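> OK, TrEMBL features for this one:
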DOMAIN    C:24-78  domain 'HTH cro/C1-type'
ACT_SITE  C:ARG104  active site
ACT_SITE  C:GLU107  active site
ACT_SITE  C:SER130  active site
Protein chains: 10
Amino acid sequence: MSQSASIPTNSAPFSALPSIHTLLLEAKAKKGLTFDAIGKAIGKDEVWVASAFYGQAKFNAEDLQKLSEVLDLPHAELTAGLGEHWFPYRGLGSAVPTDPVVYRLYEGIMVYGHPIKALINEKFGDGIMSMIDCYVKVDKKPDPKGDRVVLTFDGKFLPYAKW
Amino acid sequence: MSQSASIPTNSAPFSALPSIHTLLLEAKAKKGLTFDAIGKAIGKDEVWVASAFYGQAKFNAEDLQKLSEVLDLPHAELTAGLGEHWFPYRGLGSAVPTDPVVYRLYEGIMVYGHPIKALINEKFGDGIMSMIDCYVKVDKKPDPKGDRVVLTFDGKFLPYAKW
Amino acid sequence: MSQSASIPTNSAPFSALPSIHTLLLEAKAKKGLTFDAIGKAIGKDEVWVASAFYGQAKFNAEDLQKLSEVLDLPHAELTAGLGEHWFPYRGLGSAVPTDPVVYRLYEGIMVYGHPIKALINEKFGDGIMSMIDCYVKVDKKPDPKGDRVVLTFDGKFLPYAKW
Amino acid sequence: MSQSASIPTNSAPFSALPSIHTLLLEAKAKKGLTFDAIGKAIGKDEVWVASAFYGQAKFNAEDLQKLSEVLDLPHAELTAGLGEHWFPYRGLGSAVPTDPVVYRLYEGIMVYGHPIKALINEKFGDGIMSMIDCYVKVDKKPDPKGDRVVLTFDGKFLPYAKW
Amino acid sequence: MSQSASIPTNSAPFSALPSIHTLLLEAKAKKGLTFDAIGKAIGKDEVWVASAFYGQAKFNAEDLQKLSEVLDLPHAELTAGLGEHWFPYRGLGSAVPTDPVVYRLYEGIMVYGHPIKALINEKFGDGIMSMIDCYVKVDKKPDPKGDRVVLTFDGKFLPYAKW
Amino acid sequence: MSQSASIPTNSAPFSALPSIHTLLLEAKAKKGLTFDAIGKAIGKDEVWVASAFYGQAKFNAEDLQKLSEVLDLPHAELTAGLGEHWFPYRGLGSAVPTDPVVYRLYEGIMVYGHPIKALINEKFGDGIMSMIDCYVKVDKKPDPKGDRVVLTFDGKFLPYAKW
Amino acid sequence: MSQSASIPTNSAPFSALPSIHTLLLEAKAKKGLTFDAIGKAIGKDEVWVASAFYGQAKFNAEDLQKLSEVLDLPHAELTAGLGEHWFPYRGLGSAVPTDPVVYRLYEGIMVYGHPIKALINEKFGDGIMSMIDCYVKVDKKPDPKGDRVVLTFDGKFLPYAKW
Amino acid sequence: MSQSASIPTNSAPFSALPSIHTLLLEAKAKKGLTFDAIGKAIGKDEVWVASAFYGQAKFNAEDLQKLSEVLDLPHAELTAGLGEHWFPYRGLGSAVPTDPVVYRLYEGIMVYGHPIKALINEKFGDGIMSMIDCYVKVDKKPDPKGDRVVLTFDGKFLPYAKW
Amino acid sequence: MSQSASIPTNSAPFSALPSIHTLLLEAKAKKGLTFDAIGKAIGKDEVWVASAFYGQAKFNAEDLQKLSEVLDLPHAELTAGLGEHWFPYRGLGSAVPTDPVVYRLYEGIMVYGHPIKALINEKFGDGIMSMIDCYVKVDKKPDPKGDRVVLTFDGKFLPYAKW
Amino acid sequence: MSQSASIPTNSAPFSALPSIHTLLLEAKAKKGLTFDAIGKAIGKDEVWVASAFYGQAKFNAEDLQKLSEVLDLPHAELTAGLGEHWFPYRGLGSAVPTDPVVYRLYEGIMVYGHPIKALINEKFGDGIMSMIDCYVKVDKKPDPKGDRVVLTFDGKFLPYAKW
């Protein structure tokens with residue numbers, strides 16, 4: 001018997017998302033699928049899929065076709081809400097996150113951000129690490145002292161133009 | 001001929017740091033050493049060393065001893081400023097970073113933070129990824145289409161207590 | 001005759017919570033149960049129960065089963081709203097609390113936070129007190145000059161990683 | 001041989017404190033005294049002493065006399081800076097703390113603050129827990145799985161006036 | 001013929017209040033009663049009554065009984081919304097008030113707050129004036145050059161604990 | 001033997017004041033005078049004097065003359081710093097006060113501000129209570145259960161213009 | 001044929017206004033009346049009328065009577081929404097306006113505010129220009145190089161009380 | 001005998017101004033000149049002169065020449081500080097002014113800003129009132145009930161481009 | 001078969017717009033028209049059209065007529081919502097944009113804004129570049145290393161008035 | 001005779017810049033050179049040069065060599081301050097600019113930012129316009145109705161990665 005969904009996208013910080021995203025998250029919960037399983041079904045990585053489910057990435061027509069199949073959702077509804085004319089309005093939640101999981105990531109930037117900048121400058125010169133041409137991974141690394149989360153950002157270095 | 005240092009720690013956002021950190025950064029610049037070279041000399045990773053140079057980590061007595069040697073700085077001065085009684089007051093810069101390099105890291109959290117939380121919850125359950133028991137790496141990955149920065153956070157998963 | 005509930009979760013700061021939490025709070029009010037009584041019924045401490053009722057902790061399947069019994073709430077509804085796929089989005093209210101009860105707690109941190117940090121560093125070294133592996137208690141201590149609230153946080157010390 | 005102090009009170013967030021506090025912290029560091037040792041010498045608890053060293057509590061004339069003895073500081077200087085006419089301007093650091101140690105305490109309030117209020121109201125009625133008539137303790141509790149910090153606030157309950 | 005109410009509690013800053021407060025304010029308007037008249041009917045001061053009508057104080061069971069009589073409101077509805085289980089979430093409006101009447105009060109604190117603190121410290125020592133054990137009065141003082149508002153806060157002095 | 005002053009006007013929030021105010025506060029401390037004593041000497045109330053000492057009111061030429069006498073300060077210096085051409089830049093401290101004494105006053109406005117507005121409107125009509133044509137008093141009221149601070153604002157009602 | 005109204009008072013920043021104001025603005029649009037025409041009909045200036053339409057001033061009973069006639073609106077509805085018991089909650093929009101028209105006015109204060117204060121102090125002494133006893137006018141001044149807006153504030157000078 | 005100046009430009013909000021402005025204000029105070037007198041001497045209006053003295057307008061070479069004469073200041077110093085290469089960085093003080101004189105002006109915009117926009121749109125169409133091509137006047141209007149400040153902004157209407 | 005629209009104007013930051021703009025954007029999506037195509041149909045540039053679709057510019061009567069034709073929308077509805085009486089309330093989204101596309105534009109101002117001001121002052125003197133009499137263009141410039149966006153603002157220089 | 005410089009980099013918002021930038025700006029002013037002239041001397045565009053003078057771009061070794069020649073500044077000093085080890089900490093001024101020139105640019109993004117995003121998405125798909133690989137130009141376009149500023153950003157389009 002299917003369990004109904006429990007994704008309160010109508011409450012903060014998800015209330016800023018179009019309602020179509022609730023549909024996706026509820027369908028995932030009902031099907032009992034992981035992001036990894038959905039990712040495999042549509043040929044994408046689980047982090048990218050999760051990003052798209054939270055309105056932070058854009059499915060193309062082929063993605064939506066496969067998605068409607070794996071989630072048993074009407075293709076027309078997905079296309080109406082997330083089709084060709086829709087583009088993500090990225091960025092979710094308040095400027096300083098309050099949820100402890102997201103805050104820890106933010107704290108990582110507050111504490112290690114300038115050291116990381118110093119190393120990027122030292123190794124690559126004057127420029128940035130792209131967050132556009134960037135892949136993100138979340139891995140589980142078993143450890144007898146307690147499993148570890150390995151979070152990887154793999155972004156292209158972009159040198160500053162001079163003119 | 002030695003080049004004098006060019007590390008404006010007296011200007012934003014570094015003006016919040018104790019002046020001893022300027023001494024470290026200037027000595028590094030005069031010696032022409034990379035963070036990696038200093039790290040190898042004192043037996044620590046380059047990101048950790050950069051963090052300590054920016055006041056985000058604590059050298060112990062042995063670190064300070066080696067540091068005074070590799071940087072030709074008076075041991076007493078390092079101990080006076082960064083010794084047993086000093087503890088980092090971590091967190092550097094404004095709540096929303098303005099420098100584009102650091103902002104891109106912040107944007108990474110704004111865009112991918114909630115998807116990452118969703119995956120940590122899905123894979124590990126209710127808890128967080130520690131930023132205390134956490135290692136950070138900055139690697140350069142050569143790529144014919146443009147070198148890439150690979151940034152890794154490896155942090156212990158901590159489940160929420162129930163009582 | 002039962003008294004209906006008076007928990008305005010549709011008003012600030014509780015409007016950020018999923019509506020299922022209103023259901024819990026109303027059922028508690030109708031039953032006239034204290035958090036302690038509910039805690040005893042489900043085998044948890046009253047502070048943890050209150051935290052979960054305000055969306056700050058996660059019930060597991062067994063908790064929800066017992067909760068549906070003690071509150072006479074449909075199990076399916078609880079599972080749909082707070083089941084396996086739901087994870088708390090923790091943090092409630094504005095950055096600086098305005099309610100005087102919560103503000104006093106905040107003021108405690110503004111006034112005693114740095115002294116407490118100094119003592120944690122002095123006693124334990126460089127690290128933090130965990131708010132994840134942490135138990136919270138609220139006790140009433142009778143006192144002829146006026147009863148006292150004894151608030152205890154019991155959290156694991158986590159030393160900073162060096163690498 | 002005395003170690004010189006390493007307390008950067010001239011940097012954030014301590015730059016808001018009168019310079020006399022630097023004198024106290026440096027003298028403590030040079031003497032190699034813990035807050036507990038100073039507390040025992042002047043007949044006060046260590047948390048209260050740490051609070052006073054960080055400008056969050058007021059020494060009386062007798063405290064200053066003993067303090068000048070235990071720290072070998074000129075009594076006149078202490079009296080000039082912290083004497084009868086000086087009163088603490090309490091509250092230290094930014095509204096949302098950035099240092100991870102202090103932030104965890106703040107997070108404790110963000111996550112558990114409303115549940116704590118609910119329990120105070122449930123147990124005591126309409127009123128607050130005083131942060132003025134309040135004692136704070138920081139204890140170290142040995143634990144084979146990792147030592148724990150036990151933080152206690154013991155504050156008088158104050159019922160709201162009705163008139 | 002009764003005039004219907006004109007209290008826009010569904011608009012800012014009153015939208016944060018539970019809807020039961022709209023009911024109270026509308027009933028008051030329909031009855032054409034002043035806060036003083038209601039206060040006399042239930043044995044409370046007008047400022048306290050106004051505070052309770054704006055969600056800033058808590059009626060007890062006896063208050064609600066009298067209130068239902070004087071306002072011709074169903075007792076059950078008042079008890080359901082404001083009964084035993086409801087406690088005020090105090091604090092109304094933005095951190096810096098925008099309405100000129102409320103702003104003037106705020107300006108009074110910005111301009112005279114530190115001088116008042118200096119006098120409290122000078123006259124009472126290190127401590128605060130309680131806003132919990134505090135009575136507030138708003139009086140009209142006729143004056144040929146223009147009537148005056150006399151606003152009085154009468155709060156208990158609370159000395160800081162030392163321990 | 002004179003006691004030297006202990007008024008850290010070079011630290012927050014007083015660093016925004018012109019340095020002449022430090023001179024006044026130090027002279028007061030050295031003389032061991034209360035604001036009331038100074039007020040009597042120059043023919044003004046103590047709250048007004050305290051306000052002027054903290055840069056929130058303007059001494060006229062006669063006030064400065066008397067002030068130089070009672071405080072043994074060079075008249076020329078007072079005139080140079082606070083004379084005819086100087087006008088107060090009123091407002092002291094951050095938008096939300098952090099010191100508990102000042103915060104309690106602020107909290108008084110957050111909690112009772114809208115009820116007070118409701119009563120001013122009810123009693124006087126559409127207008128404000130002036131903070132310009134306003135007298136402020138701080139009285140000590142002995143009470144066996146603990147002395148009380150009685151704070152009074154006596155301000156002219158100003159009706160809104162219609163045109 | 002009448003044109004229906006086009007006043008999006010349900011969108012920012014007008015969503016903070018009671019809905020009765022939408023009614024007024026729509027009726028004005030349907031009638032095709034200017035604020036000046038309405039002002040002439042009810043014997044008030046156009047700026048005052050516009051202020052009242054945007055919730056920033058209070059109509060009295062006579063104003064509402066005339067208003068219901070000129071706008072063909074039911075008198076009872078106006079009285080219910082804006083009658084004796086309603087008082088403006090003044091201040092509209094965010095602290096720093098974003099609309100370019102309103103921002104320019106704000107910029108006028110940021111740029112010329114302190115010079116204007118200097119001139120008010122120089123010409124009138126220590127006090128303020130009232131915004132309560134103040135008339136505002138918006139005039140159109142034809143100019144061959146482009147018509148000009150002449151904006152006038154005519155406010156009473158209020159000297160600071162001394163006591 | 002000349003009175004020395006009393007213009008604390010080294011304190012807030014004037015600390016953001018280049019020090020040359022202190023020189024101007026002190027010279028004005030020493031000479032005992034009004035802005036009007038200086039304006040007449042250099043052929044400019046008093047408000048414009050006050051604006052330039054507070055760093056909000058730019059003197060040209062001829063202005064500086066006359067200014068050095070009327071204030072007996074070295075021409076070279078004025079030119080060095082305010083000459084050809086210097087341009088105003090306009091905007092003074094915090095986003096929401098705290099000084100009551102400046103706040104009242106700000107309040108004028110918060111209360112009357114949207115009504116004024118409505119009238120500008122009604123009378124001129126879609127566009128703004130320029131604060132660049134704008135004249136500001138501060139006049140004193142004697143009135144038996146109390147003198148009045150008449151503040152006038154006379155700015156060009158600029159229609160929005162369409163393309 | 002027509003594709004329905006996918007423009008979530010009911011979610012952030014578009015929820016501040018009047019609902020008529022949703023109608024426009026949905027009609028555009030259903031028709032499959034580009035802003036350029038609509039611009040050509042009504043004789044306007046694509047950037048101006050996009051601005052008007054997002055509530056940042058005002059259509060005149062003729063524009064609305066053509067728009068109702070090209071989008072097959074009822075003319076009366078467009079006129080009711082965007083007609084003579086409606087004026088844009090410009091400015092969309094939070095003060096610091098979070099969407100990466102808009103943030104990059106903002107970052108352009110944070111990084112190059114002061115240099116641009118320096119050049120405008122150097123080339124034109126003291127004044128501003130108008131954003132009212134300004135044309136904006138977005139062009140696609142093919143480039144073998146990756147197409148480029150060429151964004152042009154063409155605004156009138158406005159010299160500051162002196163008076 | 002040389003004119004001394006008038007660039008108040010010690011005042012807001014330039015106080016955040018390392019002092020070496022003051023040296024550059026003063027030397028430029030003494031020499032009476034435009035950014036264009038300096039740009040031609042060192043082979044760079046004037047906007048890029050202005051950006052580097054305000055700390056927003058990085059000179060390489062060759063640039064510094066030529067700069068020391070054209071400005072008659074000691075090469076060693078430039079290298080010490082801006083050499084190999086220095087990297088720009090980009091972003092200047094507050095989050096919302098207050099200077100009217102810079103504010104107009106910011107307003108351009110607030111008003112046209114979302115329409116520009118819509119067009120970039122429509123023309124290029126899901127991605128951003130780079131502010132790293134971007135050229136900026138400020139041109140003067142003579143116009144009989146008033147000269148115009150033509151501001152151009154030419155940035156590479158970067159498509160979002162999918163993975």
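Cβ atoms here come from the backbone N, Cα and C positions, even for glycine.
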> What is the Cβ neighbour count of C:GLU107 (active site) at a 10 Å cut-off, with all protein chains included?
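The Cβ of C:GLU107 (active site) has 25 Cβ neighbours within 10 Å.
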> Let me check the 10 A CB neighbour count of C:ARG104 (active site). How many other CB atoms are there?
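Result for C:ARG104 (active site): 27 neighbouring Cβ atoms inside 10 Å.
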> Secondary structure at C:GLU107 (active site) (DSSP, helix/strand/coil)?
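For C:GLU107 (active site) - judged by DSSP and reduced to three states - the answer is helix.
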> Cα-Cα, whole number of Å: C:SER130 (active site) versus C:ARG104 (active site)?
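With the alpha carbons as reference points, the distance is 21 Å.
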> Could you say whether, by DSSP, C:SER130 (active site) belongs to a helix, a strand or a coil region?
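Looking at the DSSP assignment, C:SER130 (active site) belongs to a strand.
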> From the DSSP assignment alone, can you count helix, strand and coil residues within the domain 'HTH cro/C1-type' (C:24-78)?
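Output for the domain 'HTH cro/C1-type' (C:24-78) reads 39 helix, 0 strand, 16 coil.
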> Within 10 angstroms of the C-beta of C:SER130 (active site), what count of other C-beta atoms is obtained when all protein chains are considered?
22
